[in-house]
Amino acid sequence: IGKIMESTGGPYLNTAAVTSPVGIARLLQMTFGCTTFSLVAHQGGFSAAYGTFCMFVWTFCFAITVFIIACEFTHLHGCLSLSWGNFTAAFAMLATLMSITAAVIYPLYFVQVGCYPIGCQVRDFRIAASVFAGLLFVAYATEVFLTRAKPGQVTSYMATISGLLKIVQAFVACIIFGALVNDSQYGKYVATQWCVAVYSFCFVVTVVVVAFSVTGKTALLWFPFERSVVIYTFGAVLLYVSAAVIWPVFCFDSKYGSPQRPGLCAKGKCPWDSQLVIAIFTYVNLLLYVLDLAYSQRIRF
């Protein structure tokens, strides 16, 4: 490590890590994240799986952001076996998606207009936490905007539109999996099981692509990484087309399922609701893979 640090030359501390536009955005992320989970932990409060998820998002993003700032400020990222540009671009996109999800969920389940029964002080803390959660999302989205690949620029794969879309595709797949395990009755037909196989296969391969990019191990592969990613994306489009046709038919056609939501279906425990969420996000991911395929024809990384 000492030899690596000495060979870099120049000052030991990289002030641009906190004074550049990206560095300032990261300092704001750290500030807003710390403020948000501190307000919730001190007085706002949280409960159930939704609240726990929000707290995880804010603490996780805060920890990784501090790690990134510390590594860039001290040049320690040169000692890590990571493709640093790919890592920071992938995390910024992931943090953007996670933070906007928490910024929607927390006020939806924990913020109320009146003071009863939680008290005015708790209500005010929850409103303040929601505001800072929204600002946290803006700070991460700003970093994604600042670090994205510009037209004609040779850059890290994860900073390109195609690379950023890979993070979104994996995130959407996680939403689909969450709905699948929430009593979606996907095991009722072989056709719907095929759809689950499609979601799982595409998710795993997408994560593998991201992992190879972030770790900088693409050069060790015995096949051309860039061309393989494009071929996989084309295959994913075909697979998602099949799922986009099959899932609605076997869930909402009167022969196999129900075109309308059953009247006696309990809120939060209705298979029809989960099936609808899966159908919607299947089309969302199909669109993302189509856009990915279109952009992958234009990039160089």
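Glycine too: its Cβ is placed from the backbone N, Cα and C atoms.
Worth saying up front: this structure is predicted, and the values here are computed from it rather than measured.
Per TrEMBL, the feature domain 'MARVEL' maps to 17-152 (among others). Mean pLDDT for the domain 'MARVEL' (17-152) in this predicted model: 94.
If you look up TrEMBL, you'll see 48-70 (among others) marked as transmembrane segment. If you look at the transmembrane segment (48-70), the same-chain residues 6 or more away from its ends with a CB under 8 A from one of its CBs are 17-18, 23, 26-27, 29-30, 33-34, 36-37, 40-41, 76-77, 88, 91, 95, 98-99, 101-102, 105-106, 109-110, 133, 136, 140.
Annotation comment: TrEMBL describes 82-105 (among others) as transmembrane segment.
Residues 21-22, 25-26, 28-29, 32-33, 35-36, 39-40, 42-45, 54, 58, 61, 89, 92-93, 95-96, 99-100, 102-103, 106-107, 110-111, 118, 164 of the same chain lie 6+ residues outside the transmembrane segment (125-146) yet bring a C-beta within less than 8 angstroms of a C-beta in it. According to TrEMBL, the transmembrane segment annotation covers 125-146 (among others).
Per TrEMBL, domain 'MARVEL' is recorded for 157-301 (among others).
The transmembrane segment annotation in TrEMBL covers 158-181 (among others).
The transmembrane segment annotation in TrEMBL covers 196-222 (among others).
Residues 162, 188-189, 191-192, 194-195, 198-199, 201-202, 205-206, 209, 256-257, 275, 278-279, 282-283, 285-286, 289-290, 292-293, 296-297 of the same chain sit 6 or more residues outside the transmembrane segment (229-250) yet have a Cβ under 8 Å from a Cβ within it. The feature transmembrane segment is assigned by TrEMBL to 229-250 (among others).
The transmembrane segment annotation in TrEMBL covers 276-295 (among others).
Secondary structure counts, DSSP: the domain 'MARVEL' (17-152) has 113 helix, 0 strand, 23 coil.
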